[in-house]
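Annotated in TrEMBL:
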- B:51-398: domain 'Amidohydrolase-related' (DOMAIN)
- B:His60, B:His62, B:His209, B:Asp297: Zn(2+) binding site (BINDING)
- B:Glu89, B:His182, B:Glu212, B:Asp297: substrate binding site (BINDING)
2 protein chains.
Amino acid sequence: MTTLRIAGGSVLRPDMSVSEGDVLVDQDAGEILAVGDTDGADEVLDADGCLVMPGLVNAHGHAAMTLLRGYADDKPLGAWLQEDIWPAEGELGPEDVRAGADLALVEMIRSGTTAFADMYFHVPEVAAAVDEAGVRARLGHGVVTVGKDEEEAIADNEESLEVAREFDGDAGGRIETAYMPHSLTTVGEEYLREFVAQAREADVPVHFHANETRDEVDPIVDERGVRPLEYADSVGLLEDGDFCAHGVHSDADEIELLAERDAAVVHCPASNMKLASGMAPVQQMREAGVTVALGTDGAASNNDLDLFDEMRDAAMLGKLAADDAAAVPAEAAVEMATAGGADALGFDSGRIEPGANADLAVVDFTAPHLTPVHDHVSHLAYAATGSDVRHTICDGSVLMRDRDVLAFDEARVRERAQQRAAAVAERARDV
Amino acid sequence: MTTLRIAGGSVLRPDMSVSEGDVLVDQDAGEILAVGDTDGADEVLDADGCLVMPGLVNAHGHAAMTLLRGYADDKPLGAWLQEDIWPAEGELGPEDVRAGADLALVEMIRSGTTAFADMYFHVPEVAAAVDEAGVRARLGHGVVTVGKDEEEAIADNEESLEVAREFDGDAGGRIETAYMPHSLTTVGEEYLREFVAQAREADVPVHFHANETRDEVDPIVDERGVRPLEYADSVGLLEDGDFCAHGVHSDADEIELLAERDAAVVHCPASNMKLASGMAPVQQMREAGVTVALGTDGAASNNDLDLFDEMRDAAMLGKLAADDAAAVPAEAAVEMATAGGADALGFDSGRIEPGANADLAVVDFTAPHLTPVHDHVSHLAYAATGSDVRHTICDGSVLMRDRDVLAFDEARVRERAQQRAAAVAERARDV
């Protein structure tokens with residue numbers, strides 16, 4: 001057994017208490033062995049002045065959209081998608097997706113994220129990037145059937161299922177998958193019914209967008225006379241293990257349904273604010289017992305992949321949504337970004353306890369903006385940023401040591417992303 | 001003439017365009033000499049891969065509250081103030097205020113802030129810290145008269161005026177001052193009438209909190225039958241040069257009044273979200289021609305002093321408030337944090353042009369989360385953080401070079417702040 005000891009810091013425990021002590025890791029099994037007074041180890045990682053916390057979980061995003069970071073902003077959702085994002089995405093080839101995914105992975109590792117969910121296309125490229133980077137991921141191919149004929153629509157769904165079957169368990173078990181119909185309004189009912197059933201047979205969960213904007217809710221209510229998540233339930237979605245992004249415009253009955261079915265919601269506060277989508281009822285969801293995770297969404301609507309921003313946004317927007325400064329406290333924000341995310345994605349991560357995956361972020365608390373330390377958890381939610389992360393560990397392996405990302409040549413990743421992004425923009429604007 | 005050349009980067013111009021070029025500074029005058037192709041200079045500061053932007057302006061805050069960062073969170077405003085903040089502030093002596101101000105100054109310089117406004121007490125300590133740090137500030141003593149007898153109330157007002165007279169023009173002109181009645185509900189009408197008039201005679205502007213929460217607006221409307229800013233106008237406030245913090249609950253008539261009087265509003269989006277105060281109508285204010293600046297408010301309600309967070313929050317919350325993704329675009333956020341702030345505080349800073357104060361932040365654009373660069377201004381508003389600032393310059397002097405703050409021993413500032421904060425917390429909780 002090869003062991004790693006993260007030594008000399010404080011540790012964030014699952015009950016959100018903080019105690020001094022080490023974290024001892026079994027690197028072969030990729031698991032936490034012990035927390036507290038430990039000794040020895042093959043390798044020691046210094047955590048003096050640091051807090052060891054669970055690696056952050058980015059439970060909804062589109063990694064390769066880093067190439068479109070800052071490409072178009074400050075436009076209403078429809079115009080933004082139709083005039084800018086979709087034309088640019090139409091120009092993304094497999095190598096572009098790989099370049100964007102590599103950049104996203106460098107950014108996530110540098111900000112303490114050890115697991116993420118990704119809905120995109122050219123999934124084999126994303127899987128190869130995840131394999132190389134060393135993080136954990138639940139990957140899938142996003143399906144859209146509107147505007148497609150039956151043959152194309154079926155092919156798109158089949159690709160999503162095929163990818164889910166092929167890559168599940170890849171990268172030494174770090175990659176799991178999902179069937180990913182884009183949303184309840186962009187995939188036809190007949191396809192949802194057929195392919196959700198096939199996903200159940202293949203034993204892969206389902207990830208989709210739901211209730212992001214009013215424009216997505218109203219047509220379903222008008223046409224079907226039920227709320228979107230009631231419709232989702234009726235076509236076989238919302239089983240335990242499924243997770244939907246956003247859920248901004250969810251009413252009390254839908255929240256109850258999510259809790260009953262044990263389907264998770266991925267709250268994306270920055271994206272919801274930037275696209276003026278609205279304020280998700282996060283406090284009500286948590287009170288109802290819904291598993292709530294956090295996600296950055298794509299870098300084009302955020303515009304970074306730093307989960308520390310998302311914790312801060314979730315706590316602050318959650319208070320505004322509830323009209324109550326006591327709503328979504330710091331502990332809730334940190335829980336959603338760690339255990340909540342891991343629960344949503346079905347990973348045994350997100351809690352520092354023996355037997356759990358050794359997915360960890362070591363946060364340096366000696367910066368001026370984290371001084372003084374009255375309360376570590378408050379600082380994680382309200383004052384820390386991704387650049388305060390000193391080391392990142394996933395599956396027992398050190399992915400970043402002293403701000404140096406080990407698997408990638410950062411300068412090369414940045415250079416390639418810059419070149420490919422410029423070429424994509426040129427092609428898209430020439431069309 | 002001693003000159004400084006910031007060389008090899010790009011420059012953010014007052015019209016929000018970006019061009020390659022140098023910035024040449026007259027260090028004796030503290031002014032920008034030229035922008036573009038320049039040559040020579042006594043000192044050269046490398047800006048390769050960087051954007052030179054105006055130093056950020058933090059137009060409303062309480063610097064020494066850094067000692068209370070994370071001391072109490074997630075409570076409704078009233079309980080938070082009465083149970084936690086006021087008892088702790090009651091324990092702050094002059095040396096505590098100096099320790100907290102030093103910490104705030106280190107944090108602000110590290111995140112590219114070159115000017116700030118401060119409303120607090122033990123102002124001579126804050127002034128000494130500003131003098132040593134090298135930044136620009138408009139300082140004042142905050143007056144509260146509710147709960148005080150007439151003698152105490154007059155003494156508090158007189159202290160505010162005295163401080164404003166004494167420190168105006170201090171630190172080689174980098175310090176200016178204001179008379180600072182805390183708010184329209186915490187200072188009695190008779191005192192406002194008397195001391196605002198005295199402030200006019202002393203030629204110092206007035207800074208106060210207004211319309212932060214509904215609880216502050218409703219009593220004035222109920223009691224006086226006018227909106228709070230109409231009342232403010234009636235007692236002599238809202239002259240050109242005055243600036244009020246928050247303005248969250250301002251109606252169309254009040255916005256019109258602010259524009260007519262040329263009084264500025266300091267928008268504090270993070271604090272407004274964290275205390276569930278509401279969403280300021282920033283887009284409407286800007287459309288009406290009101291000068292809008294940005295502020296962090298105190299570190300206890302934010303919880304950091306990073307204006308990059310405030311730009312992002314202002315752009316995102318502004319869209320949500322306006323229910324329009326096109327509202328408060330990136331350019332507006334950057335403008336509020338630079339030229340808007342300088343205009344609100346009456347400093348000839350915030351724009352990179354010959355003759356303006358040489359108050360500058362040099363932002364490194366080579367980080368993964370700022371790659372690719374489709375649009376520099378988008379990145380400033382949505383993706384950059386204070387830790388991306390490489391050099392900070394104020395009044396022609398380099399305050400931070402390659403992340404090294406020159407005027408302070410950072411480790412000592414942090415250590416002293418930690419010790420004093422712990423002692424304050426212990427005293428406050430013993431009471």
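Even glycines carry a Cβ here, placed using N, Cα and C.
The Cβ neighbour count for B:His182 (substrate binding site), using a 10 Å radius and every protein chain shown, is 18. Confidence for the domain 'Amidohydrolase-related' (B:51-398), expressed as mean pLDDT, is 97. Rounded to a whole value, the Cα-Cα separation of B:His60 (Zn(2+) binding site) and B:His182 (substrate binding site) is 12 Å. Within 10 Å of the C-beta atom of B:His62 (Zn(2+) binding site) sit 27 other C-beta atoms, taking all shown protein chains into account. Considering only the binding-site residues B:His62, B:His209, B:Asp297, B:His182 (substrate binding site) has B:His209 as its nearest partner by CA-CA distance. Of all Cβ atoms in the protein chains displayed, 26 besides its own lie within 10 Å of the Cβ of B:Glu212 (substrate binding site). In this structure, the binding-site residues B:His60, B:His209 were compared by how many other Cβ atoms lie within 10 Å of their Cβ, and the smallest count belongs to B:His209.
Every protein chain considered, the tally of other Cβ atoms within 10 Å of the Cβ of B:Asp297 (Zn(2+) binding site) stands at 26.
Annotation for B:Glu89 (substrate binding site): spatial neighbours B:Leu68, criterion Cβ-Cβ under 8 Å with sequence separation of six or more. Distance from the CA of B:Glu212 (substrate binding site) to the CA of B:His62 (Zn(2+) binding site) is 16 Å.
Neighbours of the Zn(2+) site: apart from B:His60, B:His62, B:His209, B:Asp297, residues of the same chain with C-beta atoms within 8 angstroms of the site's C-beta centroid are B:Gly61, B:Met119, B:Ala245, B:His246, B:Val266, B:Cys268, B:Ser271, B:Gly295, B:Gly298. Secondary structure at B:His209 (Zn(2+) binding site), taken from DSSP and collapsed to helix, strand or coil, is strand. Between the CA atoms of B:Glu212 (substrate binding site) and B:Asp297 (Zn(2+) binding site) there is a gap of 12 Å.
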